[in-house]
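Per Swiss-Prot, these features apply:
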{"type": "BINDING", "residues": "48, 54", "note": "NADP(+) binding site"}
{"type": "BINDING", "residues": "125, 126, 127, 238, 239, 283, 298, 299, 300, 301, 302, 324", "note": "FMN binding site"}
């Protein structure tokens, strides 16, 4: 197995390289009779598309998606849905000077050691270009989840500077180039990233993804936990080096009573939580609260600043990477994180239906004895 697929029942296989003729994915396990067209997928690709501001790569890709199979008469047929996105703006010559050199912090040397051969053009298979296919698959996953489920992502930290949570406003996310929910932070980030970009360097970031409208009961103990699948999905995104669910690492500093998501009864007999430190998941199973995931994205490895490295002959060299690269790859990771959240939730929904049917006990009020 080459590990180019993820998911259990809703299973996505991606293919293609950064500078190949096209990239794409095959989405298996899509239920039949779901309305689907390219128009349902394209808006999500447009949010991730490169070249939309000076803060992202200037590679100009239209990212137009084509559905090749699995849809007839405007609805899914239950067979694999194949999607293709053409690459139209490659500049492979930009990578000629690093064909035999390994970029520090990049997958170059790891791919070389594993396979004995690699595609240096734009990073080949390890390029963030691959994530466009995940966004396309995520659009299909959203169709399975339905309109009741809302998935939103935001950049909550760039470099050392985090947002002010008191100013968190989801309406601000699509009003700036950073998917930032804090307008003041967005202004400060613009100044800082301009300086970093002009210096030929890059910054890391933290992305937060929140899913609301999730029914209780998704996920299963012990090896199909919802949070385990979410962590694996987010960690599979290029440049991601850490993931947390809910309070995550901050929970280690809390006492037990502080970390507890206390509960009370509503008048209709349903349960309400007084907090959400767990991020909507307990015991690997959704609680009905918002599912909250954050992931850390390292600074872009391809930078103009000269750094020390080695080449394939074993000589020590200095390397300066030309080409068009994101000064902060975390920005365009926001729609990718949303897509991975959607894929995992759709997968877990199908697994839940397979075991428990359309409804589970979590939808019912607690009966008083």
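Count begins at 1; order follows the chain as displayed.
Even glycines carry a Cβ here, placed using N, Cα and C.
Here the features listed in Swiss-Prot are painted onto the structure.
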residue	record	DSSP class
48	NADP(+) binding site	helix
54	NADP(+) binding site	coil
125	FMN binding site	helix
239	FMN binding site	coil
298	FMN binding site	coil
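A gap of 19 Å separates the Cα atoms of residue 48 (NADP(+) binding site) and residue 302 (FMN binding site).
Between residue 54 (NADP(+) binding site) and residue 300 (FMN binding site), the C-alpha separation comes to 15 Å. Taking a C-beta cut-off of under 8 angstroms and a sequence separation of 6 or more, residue 127 (FMN binding site) has the following same-chain neighbours: 17, 18, 238.
Close to residue 125 (FMN binding site) in the fold, though at least 6 residues off in sequence, lie 16, 17, 18, 111, 119, each with a CB less than 8 Å from its CB.
All protein chains considered, the CB of residue 298 (FMN binding site) has 17 other CB atoms within 10 Å. Summary for the binding-site residues 48, 54: the Cβ-based neighbour count within 10 Å is maximal at 48. Around the Cβ of residue 239 (FMN binding site), the number of neighbouring Cβ atoms within 10 Å comes to 24. Taking the Cβ of residue 300 (FMN binding site) as reference, residues of its chain lying under 8 Å away and at least six apart in sequence are, in sequence order, 202, 239, 325, 326, 327, 328, 329. In the shown protein chains, 25 other C-beta atoms lie within 10 A of the C-beta of residue 302 (FMN binding site).
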